[in-house]
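Listed in Swiss-Prot:
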- 14-294: domain 'BetaCoV S1-NTD' (DOMAIN)
- 14-1181: topological domain 'Extracellular' (TOPO_DOM)
- 19-139: disulfide bond (DISULFID)
- 134-163: disulfide bond (DISULFID)
- 282-292: disulfide bond (DISULFID)
- 325-499: domain 'BetaCoV S1-CTD' (DOMAIN)
- 327-352: disulfide bond (DISULFID)
- 370-423: disulfide bond (DISULFID)
- 382-497: disulfide bond (DISULFID)
- 808-819: disulfide bond (DISULFID)
- 917-961: coiled coil (COILED)
- 1131-1170: region 'Heptad repeat 2' (REGION)
- 1143-1171: coiled coil (COILED)
């Protein structure tokens, strides 16, 4: 059976003059393959460097279905295909071919593919590239043939004429010999036909494929832009057949894959050389849309707003009156005679169905112009009435039958109003209407619209003139019949409607509706309104239609918008997974399957509208996340108390389920300070943590050179810009205000940094310095100089037993042995002996030795204290040395570890701040060069203003320039608005930074997690570019313990509340403890207070939820009127207004590293065995004191003796009378100057 089938599929091409014939050609299999990420191309000629660029154009969507076609010859010519059907061109084509024998030779582009229309041929004839646009007589099976490896025939077309484009590229030699083995070549092309140009893009990749289409990413470059100027709706491929003879040609193996381009948004990544290195199809899936929204290939964990959507209508409601009669247009248009123009006649048409398509599609009319309505829309409209006015005029006068025209016909015969709604239809009747017809050539006053004057004279003057119509006169003077159809808009029930069938009325669903020509989308519900009999529609205060009368049932219906809301994407971060969940905000899950436009999105999106993982929340419909009926600590807050988390293995999810789970948010999670019934967890141990917090306090200052940004060097544009008044001045004034605000923010924040001074201890009184006598008040344990003079001081290292020894010993040296201490199981004494101790122990030793002989050894017992105290002191020395050694080793090891961690911490902090500085500086540079950047979103750039002026007259040129100015002013206004918003955010951040500077740096905050994570110890500020960095040192709980707690304790009818802390119970008793650390204390009146009784009063806090304020809108028509009066370019597409790559600071990795370093630092805390410092003061012996006192007495006696021997005792105020040693002789004074004598007093 297979052999027979293969035989039927055998293809054979025989020679024919000019063309070849293929017999028994099988139908293409048209299998589908995925395009992967191929087909990206440079859609413009602009150089971009190191930037992410969003662009809207016709692209091949990623993972599109490509249709596969073959040139195939397998199994000894029994299995052959030669697929070259005519394919749809659409909005553009992606074409890829895998081959090895140069089978694909080119393409034919056109519409009808016959000689009635032009077609374009781009082919490779093995020596040249031929490009031609002609009327071709194309072959039914266009192909090339190769015989024995040499090009033989060109069976593409038989003849050509009316050629408008002919181009032959330089010669080359194509290898036409058939090859065996795998496919070696992958050639990709993109074809776009825009504005008369066929653009061709191409890339080549070497492959080694036995079959199929290779996955991957490819970028195509432009190679041709051909000015064909023809209509291209279809195309087909020109391929090659091969033979070892001169006939019976057969195909060789090749495959090509085609797909159509679609208008979509791509994000292209350019490197510093301007090369596209990566791309994202923004409509491929929610994650791709998110990447385009935030303009980043890497997305951090969180929930992001991406776009908006409106629920798609599921049905169409068409409601027209029940009218079946046909409108009598034939009687109007086929009348035997038309009246004179000054006596024009009117026919009212009503209660009928009007098929305007018969008129619109007629080829006999020379004029068919409509005003206020589109001819193609008439079939969908209804009117209260239609009036047909008929008359006869010259062909050249038809132009006067239009709104706002003047002339003899428009002024004195038939006048249309300026707001005319209707159509003017005219056709030549030179053969039918002959003879004399009349028109009014003069009238004292011009006619009003639709005014008719049948008089033939005015004040005795004959005002009518004659038309002499004959077929032989020039065309402009020949008879022309005119029918003016005036449409009366609905102010009463419709009586004239298009031939459209009505459908059933659908309520409470999102539908497309058409009521008597009023088209729209919304939800129809029964209304409580009451219309007057002549009223058909209702409008709200903003002039929007909000109600309608059903023309069949006459029921009043309210029209409300279909569900509309935002779309948010929940992602665990691209570094963790590509899984996402989608939240349709404020939408019921029943509406979600209809909210996605399936024709605009790929199947990857539609998967989120089906399946079991659909979760209705108060925030909207969450799809793509598994709902877990439990409460956990919130990871990604979604809203309305719902959170999401990503888990690879957890109790939150079972094997095989989605990685994203949704659950109800709890106040806390396991292993955290959480609340469960009346239990509370209180920390019992802590660890040190360092948190880095970067807070911006200013942004880069910018100003805009308005004239240069908008007009460049164009003088005409600058003059036109003056008409916009002080816009630019106000803009820069706003930017100046922002700059002043930044200076103010910086000043206020860093003004908080003050030098902290300590008050010195008071050491003098009344000018006398007692610091050497009195103890230092800041060091109450320190002795004064006098005390140090009067006592010998010995300082020893204390391993932990000397202090207790000193307290035991006191001033009694005899207690030395009794006060021995225990340390690590050993009895120890300090390695210190006073003279008294030495004398005592020496006396005991000598006595014991001397009496040992005659006390039969009993006296040797006196040697025991001496030996014991020596042994104990050796123990003390040993343990002290061991502790010192171990501590020294720990200090060395841990200090080295701490130093390395601190060094790494500083390096990490430096890297983070450097990254912050780079981003801020780059952004500032981008903002400061705003005046040099020219947006391309408004259709014209300032560099071509002179070209606009040269191609257009002054008025048209000013219109085009005005469009440019309007668009750019919108761009600048939006930019300044963004800056104002950012300035407000920075202001709030600066205020918070100032608060943290006061509370965290200059004080110790009691607020948990306000100054870092945990309980605050200290903070250090550091200036950063446009901000400040805080290094918060905190201690965080490392161990916790659950206690039963109560807000108050009721005792004897009174409620006792803790003054500070909380009441806790250990199971048997109640205590009071600090909230942030477990330190139980007995409950007393000092740490509690009594307030009220034991009754519990429950209060409800106001929980009113306010709806968003909706501004009162003016009339929509008035808004449009004001807009069109003040702006000549209402259709402004802002697009990517700023062109600024606003980089986002990402120092999370560095901060995580800092946290890890802080943890390591905390682990490196040195747990040394405490070595105290023991000081012992030893009193002098009695003979020292005796000598000291004798020396003082001797000094006093010698002083008195000297005074008496020198007769100076009188100076002691009469204490002795040894002479007048203090008396002075006045006569010994000699005058220095004559008449002057010095006196000493």
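One is the number of the first residue shown, and numbering goes on along the chain from there.
Note: Cβ is positioned from N, Cα and C throughout, glycine not excepted.
The C-beta environment of residue 352 (disulfide bond), restricted to residues of the same chain at least 6 apart in sequence and closer than 8 Å, consists of 323, 325, 326, 327, 328, 495, 496.
Using Cα positions, the member of the disulfide-bonded residues 19, 382, 808 nearest to residue 423 (disulfide bond) is identified as 382.
Less than 8 angstroms from the CB of residue 370 (disulfide bond) sit 378, 422, 423, 424, each of them six or more residues away in the same chain. Computed over the coiled coil (1143-1171), the whole-number mean pLDDT of the model equals 59. By neighbour count, meaning other C-beta atoms within 10 Å, the densest spot among the disulfide-bonded residues 134, 292, 382, 497 is 382. In sequence order, 18, 19, 20, 155, 156, 157, 158 make up the list of same-chain residues 6 or more apart from residue 139 (disulfide bond) whose Cβ falls under 8 Å from its Cβ.
For residue 134 (disulfide bond), the nearest neighbour among the disulfide-bonded residues 292, 382, 497, 819, judged by Cα separation, is 292.
Comparing the Cα of residue 808 (disulfide bond) with the Cα of every entry in 163, 282, 497, these being the disulfide-bonded residues, the smallest distance points to 282.
Checking each of the disulfide-bonded residues 282, 292, 819 against residue 497 (disulfide bond) by C-alpha distance, the shortest gap belongs to 282. Reduced to three states, the DSSP call for residue 163 (disulfide bond) is strand. Residue 819 (disulfide bond) is 125 Å away from residue 163 (disulfide bond) when you measure Cα to Cα.
Checking each of the disulfide-bonded residues 282, 292, 819 against residue 382 (disulfide bond) by C-alpha distance, the shortest gap belongs to 282. Following the DSSP three-state reduction, the secondary structure of residue 808 (disulfide bond) is helix.
Across the disulfide-bonded residues listed here (19, 163, 282, 327, 808), the residue whose Cβ sits among the most other Cβ atoms within 10 Å is 282.
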